[in-house]
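Feature annotations, courtesy of TrEMBL:
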type     : residues : note
TRANSMEM : 25-48    : transmembrane segment
DOMAIN   : 41-289   : domain 'G-protein coupled receptors family 1 profile'
TRANSMEM : 60-82    : transmembrane segment
TRANSMEM : 102-120  : transmembrane segment
TRANSMEM : 140-157  : transmembrane segment
TRANSMEM : 206-228  : transmembrane segment
TRANSMEM : 240-261  : transmembrane segment
TRANSMEM : 267-288  : transmembrane segment
Amino acid sequence: MTSENQTMVTEFLFSIFPHLHEGGLLFFVPLLIVYVFIITGNLVIVIVVQLDTALRTPMYFFISVLSFLEIWYTTTTIPKMLSNLVSEQKTISLAGCLMQMYFFHSLGITEGCVLTAMAIDRYIAICHPLRYPTIMTPRLCIQLTAGSCLCGFLLVLPEIAWMATLPFCGSNQIHQIFCDFTPVLSLACTDTSLVVIVDAIHAVEILASFLVITLSYIRIIVVILAMPSAEGRHKAFSTCAAHLAVFLLFFGSVAVMYLRFSATYSVFWDTTIAATFVILAPFLNPIIYSLRNKDMKDAIGRLFRSQKTA
């Protein structure tokens with residue numbers, strides 16, 4: 001119950017960001033560089049996969065989808081962070097906060113589903129190479145992508161719709177770098193115990209994706225180690241290494257953040273973990289998929305050479 005003299009909150013304050021004169025600019029410039037790199041790097045990957053016929057395979061199709069999602073995933077949070085670092089008003093409206101949470105988590109879940117589809121693709125390619133062309137058809141790739149988007153954008157909707165009905169009063173300070181479920185729900189002046197059920201559903205989704213990817217790669221590693229040719233083993237490992245690195249980085253940070261159950265972290269560690277999957281993982285993904293991938297590097301080189309001769 002709330003008392004009659006309590007003021008209803010219509011906007012939230014990001015109290016964790018420093019003011020401009022307190023060193024906000026020192027964080028603003030590196031974050032802006034990182035954001036520009038994320039957008040440019042992922043955009044280059046999407047364009048190269050679309051234009052280069054050598055990359056028109058299921059694996060690179062999923063990489064381009066992941067890069068496309070990453071552009072929007074970071075755009076839901078980083079521009080607002082940049083604004084908070086240089087603006088005196090570090091606020092966001094209730095509606096804006098709910099929208100940020102919806103798109104951030106929807107895109108994040110979609111990415112997790114696409115990573116799962118990529119693991120299945122690598123499993124079929126290495127464990128059932130003769131059947132691979134007939135199983136992983138362009139139609140199936142599109143269906144898996146559409147299913148991933150559907151799962152991502154529908155799964156979060158009930159929780160956001162429920163949160164939109166909650167009254168917020170008293171403190172409006174969010175101790176996080178973006179709007180997230182736990183920091184926002186802690187400001188509600190009503191019973192929010194229902195969130196435990198929703199969190200359990202999200203935990204099942206994260207663990208299911210993690211289990212599918214882990215089992216796929218255990219089987220892949222067993223098959224690769226049984227290959228008689230050292231060259232064949234090296235080639236098979238190299239095609240999977242990039243995806244495995246992205247998987248560990250993405251699911252590792254997400255698991256620490258959202259599978260904590262009753263565990264609580266300090267504001268510093270909460271912020272550090274959030275920055276890992278909001279900033280660091282998207283920053284490293286273009287590097288992993290381009291600089292660590294010979295086919296992608298060759299395709300990017302061909303694209304730039306063709307632009308110079310045009």
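Cβ atoms are placed via backbone N, Cα and C, with glycine included.
Across the domain 'G-protein coupled receptors family 1 profile' (41-289), the model assigns an average pLDDT of 89. Of the two recorded stretches, the transmembrane segment (267-288) does not lie close to the transmembrane segment (206-228), with fewer than three CB pairs under 8 Å once pairs fewer than 6 apart in sequence are set aside. Using the rule of three or more Cβ pairs under 8 Å, pairs at least 6 apart in sequence, the transmembrane segment (206-228) is in contact with the transmembrane segment (240-261). When Cβ-Cβ distances under 8 Å to the transmembrane segment (140-157) are tallied for each of 60-82, 102-120, 240-261, the top count falls to 102-120.
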